[in-house]
Amino acid sequence: MVATSPFPLLLLLSWLLSGHIYTRCDAAGTAVLQAPINCSTVGNYTPADVYATNLNQLLATLPDTTVSKNGGFFNGSAGQPGAPGTAYVLALCAADFTRGDCRDCLAMATSNSSGLLKQCPGSSTVVAMYDQCVVRYSDAGFFGTVDTSIVYSVPGSDRLQTMVQNAYTEALKQVLIQLSAQAISSPQRFAASKASPFALVQCTWDLAPEGCKACLALLASNVSSFSYIRSTGEARTYSCRVRHSNDSFDVFPFADVTNNTKGTSSSVADNGGSHNKRTVIVVAVSVGTAIASLLAAVVVACCVRGRRARRAGSITMGDTSVQIDLLQEYTYEELKKATGNFSKDAELGRGAFGVVYKGTLENKKVIAVKKLQRKEKVEVEQFMNEVSIMSGLKHKNLVKLEGFCVRGQGQGQQEGLLCYEYLPDGTLEDRLYGRRGAARLTWKERCHILKGICSGLQYLHNESPNDISIIHMDLKTDNILLHVQEDKRNGGIVITPKISDFGISRNHDTDKQHEYVDKVVGNMTCMPREFMERGKASPKVDIYSFGLIILEMVTGKSRRSSSTTPLSSSSLDNSNHYGEGLIKQVRDHWEKKDIENIKDAVMDTKCDDEIERCIEIALECVHEDPAMRPDIATITRQLNDVSTKATHKINVYSDLSTIGLSCGLNNTTLGMRDGNPRILHALRSPHTFHNARTLTLMKAIGKPYPYEHLRRPRRLPLKAQSHVRLQQKYLWMGI
């Protein structure tokens, strides 16, 4: 209910005159959207109806067709247009989220267990609006029709100073006029500015230029009147949206596509959309009346005490201040209530610097709350470091930072809390070792998880925002959280790994091969010697840790439990420092060609070829010399190559000999290991790396390596380090 409104009669009158109102204020005074999903109450259908069959057919492929095929939009129908039972579906990706975020949004909206069909059972017309996407479906055609019956206004919380209000408002109006002109001439009905005021405008792609223009004009006037004293704001209808900010925000332009975006009529449709709640102030008003605008102003007035979403600002704790991107700022009382006063029952786990609790907010959203255990300088530094790094990161294989809280004032008196997405499926360590009743992982699941971790590291090292390389510095199985979802396409489940715990992560200057740190912090069971003993930090630290994770996945043994003497001399006598006990165990068996005593006993022998390749990759990753470890891009290619290699096998010794001779390669040497052929051959000169005979040999044996692997000689893997004398350059190709 609205907290202490000074205009109760006016509010009641406005509600009666303005139609559907989706506004309320919660206990904290924040406007909360009550109905982001609008389900029709008339014209319902049953599961046996033709409409149900057609609708299910469209929704089943909506994420893929919207994102992969059409680049961010879909409108299509199933059935005969105009005939009873025809289903019409539309979806649109938000331009300020990645297409991957949009796909996740659409997958949620179309999920059989919790999607729109579950939330609106039997409703023939449904409109859902999330942050990442919009989804609409109906038994009546609506393509090309502008729908401005409902306007959702999302004003920001940061007020502009009086002296700049008019200038900002006027500049914003001009920008929105320019962007509107650009959008209506674009097939994707989208445009964004590159200077302040930053803004984006977006229409559904099925609208005609004049329809898009009219929709954006309405929202532009709404934004100006609603948010003229604020530096951020957003307004949406079911057909278009406008967002603006005095600070920059991420924009992901749509790729050009050749698909017809004006609507299709077929038994299978292409394009998608979905919905997601905003945690900032949300007002939904019926447009076309002056009273509705007045109601919006009243709602803002009553809700200014709500929680804030900070965008590109800074936070200070003690004597440390850091810059942050858009983050939800919670009050301490909100988080205290959400966690039951940080009760023991809500505790999820404990780390070196904090305790993690499960919390449920008033809007029923479940989060994980990490509370700083102590207020000493090192803990404060790690808290601020985690906030500054995580606030700008968005990737499906990184745990999402939802918000933060800093409580108290003064040096040594402040308390920090971080709020993360809640992942109830435990850690990789739990699933790998069957702890807490978790089912053991199959080899297929392990491979999928390894590729996901690799994708997250690739993002951190090479693709994170602002061209900054980030080193995680604490990568281990208990810092990999798992998200288990139903695999609607193939049946079964899909396990998505998410890298967490960025307290000691650091930015890395890509112009430098490595840097030295004054203070070494980390777990000695997963970090390499060059960092723990000499403070030498580089992305190769993460590569070493990832190599240990691969070995744990292959062997089913913890890096902590090996009791073998470490590889190198050291004053440290604990055998599991740097994971060297596990590494030496694997190497000993590997040199003896004893795969059975390396791999986890629960894994099938059918996977031996893939397992061997993963062991090989892992041993390269944990090389004592950081310069000899591959980079994350190389590992990504190698892991993606693992399952492919097993399908390209020639098991006849004579076949390889014939291939070598037919290619005209001299000094061809063949080796056998456990009945598996290997070919080692000498090239007469460096210039023959790209000659036709070499490429003929590669094609003949089904070698899937891309050509860049031929540009420089590769160091022989451990299992091939025996025996062969080559004339000049080495090239090893395994099958």
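Every residue, even glycine, has its Cβ placed from backbone N, Cα and C.
Remember, TrEMBL labels are computer predictions, not curated facts.
Pulled from TrEMBL, these are the features on record:
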- LYS371: ATP binding site (BINDING)
- 33-142: domain 'Gnk2-homologous' (DOMAIN)
- 148-249: domain 'Gnk2-homologous' (DOMAIN)
- 342-651: domain 'Protein kinase' (DOMAIN)
- 1-27: signal peptide (SIGNAL)
- 280-304: transmembrane segment (TRANSMEM)
Three-state composition of the domain 'Gnk2-homologous' (33-142), taking helix and strand from DSSP: 34 helix, 26 strand, 50 coil
Secondary structure at LYS371 (ATP binding site), reduced by DSSP to three states: strand
Mean per-residue pLDDT computed across the domain 'Gnk2-homologous' (148-249): 80
